[in-house]
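Features of the protein shown, as given by Swiss-Prot:
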type     : residues : note
SIGNAL   : 1-28     : signal peptide
DISULFID : C31-C47  : disulfide bond
DISULFID : C34-C52  : disulfide bond
DISULFID : C38-C54  : disulfide bond
Amino acid sequence: MSRLFTLVLIVLAMNVMMAIISDPVVEAVGCEECPMHCKGKNANPTCDDGVCNCNV
């Protein structure tokens with residue numbers, strides 16, 4: 001039982017580390033989602049080579 005508990009703790013710790021390490025600002029947004037991604041940022045969304053650019 002303690003091995004299972006240890007395994008669960010390791011998995012949870014890895015999930016927390018991955019959440020901290022991953023940078024949500026650098027997520028790639030496609031052209032279809034670009035207007036919704038830039039909404040609320042007072043931006044002019046454009047799509048360059050399939051990557052969304054909010055042009056604030």
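Each residue, glycine too, has its Cβ placed from N, Cα and C.
Rounded to a whole number, the C-alpha distance linking C54 (disulfide bond) with C34 (disulfide bond) is 8 angstrom. On its own chain, C34 (disulfide bond) has P45, T46, C47, C52, N53 as residues at least 6 apart in sequence with a Cβ closer than 8 Å to its own Cβ.
It is C54, among the disulfide-bonded residues C38, C54, whose Cβ has the fewest other Cβ atoms within 10 Å in the structure shown. C31 (disulfide bond) sits 11 Å from C38 (disulfide bond), taking the Cα positions as reference.
Most Cβ neighbours within 10 Å, among the disulfide-bonded residues C31, C47, C52: C52 holds that distinction in the structure as shown.
In the three-state DSSP assignment, the secondary structure recorded for C31 (disulfide bond) is coil. A strand conformation is recorded for C47 (disulfide bond) in the three-state DSSP classification.
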